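Colleague: Taken from TrEMBL, the feature substrate binding site covers F34, I35, V36, I37, H38, Y96, R100, T237. Under the heading heme binding site, TrEMBL lists H223.
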Amino acid sequence: MSEARAMTYGDYLSLEPILSAQHPISEQHDELLFIVIHQTKELWLKQILREIELSSELIRADSLIQVHKSLSRVSRIQAVMTLSWDVLATMTPSDYSSFRDVLGSSSGFQSWQFRTFEYRLGLKDGSHVRFQQEGSAAREALVAALRSPSLWDEANAALARAGFDLPLEALARDWSEPYRPHEKVEEAWAEVYREPERWWPLYQLAEKLVDIDDSLATWRHKHVVTVERIIGAKRGTGGTAGVAYLQSTIGKRAFPELWSLRTRI
Ligand code: HEM
Ligand SMILES: N[C@@H](CC(=O)c1ccccc1NC=O)C(=O)O
């Protein structure tokens, strides 16, 4: 009987399949960079989705101290994703236009992990489901995220369990519908911010959620600037107006009352 081979670095990390998974279509030097940036982003999104699953479970169990670590990790990963725009921005309009046509109508718009991230935070727009192939695992995962309570729904439920008076619309709703901000939800979180020492775990949770919304807006902003730098006002391959569309997404907030309450403090 032969002995089991010692574990190697390459085996453990599945380097063979990973490093064989870049397939530029053109002969252009920068196409590899474009692929590597996107693959890296999808790996980070995979980790982010894992952390958000864990965070949801921890909030549901009222383990608000433990959730801090996982949510901090999410916003640090977001910071890395935002920095990677500076690597991509070394690609000029001439470089990109030399291979852009090979992309056809594919686009980041079709990233199911990005949409799942938005859904898990609380940004529910069911119209994105149709971009995933019927019967695919990606579509199933996306639909499951659409139908589950988001981080914001879980945070509001935790607030209610702590004794705050929250409206039924925020606590028992059709989770797949877009979240509608509510005056009473804002007032309850404002109470938390008025007396941080008394409500420290909820206060800390709220600030971690604001970090994530903040980092997402920063990422979106760098996306728009980088896209404008590389393709100007051209239409997107995914069929949108391009920069004008991306600009319209910067104002999205997954935790709207955590932003609006600030005017009251
Ligand atoms: C040359 C580089 C890039 C250009 C010109 C570009 C352009 C665009 C445009 C125009 C859209 C709108 C949809 C469309 O009509 O196609 C879009 C969406 C998107 N892109 Fe990019 N993009 C670039 C790189 C990236 C990178 C590196 C990422 C990820 C790290 C990314 C992620 C996304 C995502 C997630 C969306 C959907 C955004 C939303 O609907 O809120 N893009 N991109
Ligand atoms: N929407 C981009 C194309 C693009 O960026 C893209 C294409 C294929 C795979 C990922 C992409 N990244 C983000 O949109 C464009 O209009 O040039």
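Using the three backbone atoms N, Cα and C, a Cβ is placed for every residue, glycine included.
A TrEMBL annotation is a machine prediction, not a hand-curated record.
For each feature listed, report its degree of burial, its nearest neighbours and the pertinent distances within the displayed model.
Modeller: For T237 (substrate binding site), the same-chain residues 6+ apart in sequence whose C-beta sits under 8 angstroms from its C-beta are R100, L103, G104, S105, S106, S107.
For H223 (heme binding site), other Cβ atoms within 10 Å of its Cβ number 20.
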Colleague: DSSP three-state call for I35 (substrate binding site): helix, strand or coil?
Modeller: helix
Colleague: So which of F34, I35, I37, H38, H223, listed as binding-site residues, have a Cβ under 6 Å from an atom of ligand 2?
Modeller: H38
Colleague: Any of the binding-site residues I35, V36, R100, T237 with a C-beta atom under 6 A from ligand 1? Give them in order, or none.
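Modeller: What lies within reach of ligand 1, judged by Cβ under 6 Å, is T237.
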Colleague: Pick out which of the binding-site residues H38, R100 has the most other Cβ atoms within 10 Å of its own Cβ.
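Modeller: Buried the deepest by this measure is R100.
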